[in-house]
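Reviewing the structure listed below.
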Amino acid sequence: MKAKIMGAGSYTPSKKVSNAMLEKMMDTNDEWIRTRTGIKTRHISEGENTSVLCGKAALDILEKAGISAKEIDFIIVATMTPDGLSPSTACLVQDYIGANPVMAFDVNAACSGFIYALSIAEKLIQSGSFNYGLVLGGEVMSKIIDWQDRSTAVLFGDGAGGVLLGASETESSFLGEDIHSDGSRGESLTAGSRFVSNFQIENEMKDSYLQMDGRSIFDFAIRSVPESIRTVIASSNSTLEEIDCIVAHQANYRILKAIAKKLKIPVEKFATNIAEYGNTSAASIPILLDELLTNGDLILGSKKKIVLTGFGGGLTWGSMLIQL
Ligand SMILES: O=C(O)C1CCN(c2ccc(-c3cc(CO)ccc3Cl)cn2)CC1
């Protein structure tokens, strides 16, 4: 059995927060944010948690694909900002969309989460035991950010997106993958740490806000992402010239320019929407993919070759070569 991408969708909170609005909240300015990150606005939840953003994105996928929630055989949510430890956000999405009591689980690989989830979902479809699966990436980054820390508060946004995978006897959308982690550098981006405190040991509760060593993450991305993109293309005997578009995690526009330079390709090969959404972690790739399919830049069935690539906390990084 082969796995095919059969649709996409997304949902972002209606509240748009501009750089000018952030200038009034903290010591930052529009010029710095735009020139250092490429971000102009971001969508910030006014109370909708991750499961609701993902649920609304899932309903968008189902409506566009013309299938019922009752036809879904599994739900995977990639998130580093779950509603809570239990129930999983995926279980809450199962309830939200009215799916049958099917397999539903979360994957936490930070900004590479959607790549990890898509890889897992492909294998589930290939097993022949599942016909349709929803693969979602969703975040409410605004709930883990220290809004007094200008070095991180201006970077992130909230949102959700995803794809519908379906079983096909003849066609696969997946041509290759290259997926990694390196826990030895995990301290470069942390959030929500929980320390052992019980009747035997007292541990102070350190800040559980998102903390990032921007320089080290930047350097890691510039070193590891071009290599991953080259590896995934070579793994399917394709060439960089055959790639129509690179849909990369929207972390920072200067990162995309640096990766393009290392690959010796024009930065225009990289689709981008960071200006509007900021860094939405595991949601950034599916939100951008849905935007490209919705505006006709990409068309399912066109046979175009696309590279999806995520990178971030863990550290994690991963690329997939897909054919639409
Ligand atoms: O001073 C400056 O220019 C600052 C320098 C620091 N910056 C950074 C640094 C790292 C990231 C980032 C984050 C993730 C997590 O999703 C993944 C991948 C990356 Cl590369 C984003 N921005 C902003 C501008």
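Note that Cβ sites are derived from N, Cα and C of the backbone, with glycine treated the same way.
Straight from TrEMBL, the features:
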DOMAIN    105-183  domain 'Beta-ketoacyl-[acyl-carrier-protein] synthase III N-terminal'
ACT_SITE  C111  active site
DOMAIN    235-323  domain 'Beta-ketoacyl-[acyl-carrier-protein] synthase III C-terminal'
ACT_SITE  H249  active site
REGION    250-254  region 'ACP-binding'
ACT_SITE  N279  active site
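Projection of TrEMBL feature records onto the structure.
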residue : record      : DSSP class
C111    : active site : helix
H249    : active site : coil
N279    : active site : strand
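Calculated from their C-alpha atoms, the gap between C111 (active site) and H249 (active site) amounts to 7 Å. When the active-site residues C111, H249, N279 are compared by the number of other C-beta atoms lying within 10 angstroms of their own C-beta, N279 comes out lowest.
Per-residue confidence over the domain 'Beta-ketoacyl-[acyl-carrier-protein] synthase III C-terminal' (235-323) averages out at a pLDDT of 97. A Cα-Cα distance of 8 Å separates N279 (active site) from H249 (active site).
For the domain 'Beta-ketoacyl-[acyl-carrier-protein] synthase III N-terminal' (105-183), the DSSP counts in helix, strand and coil order read 25 helix, 32 strand, 22 coil.
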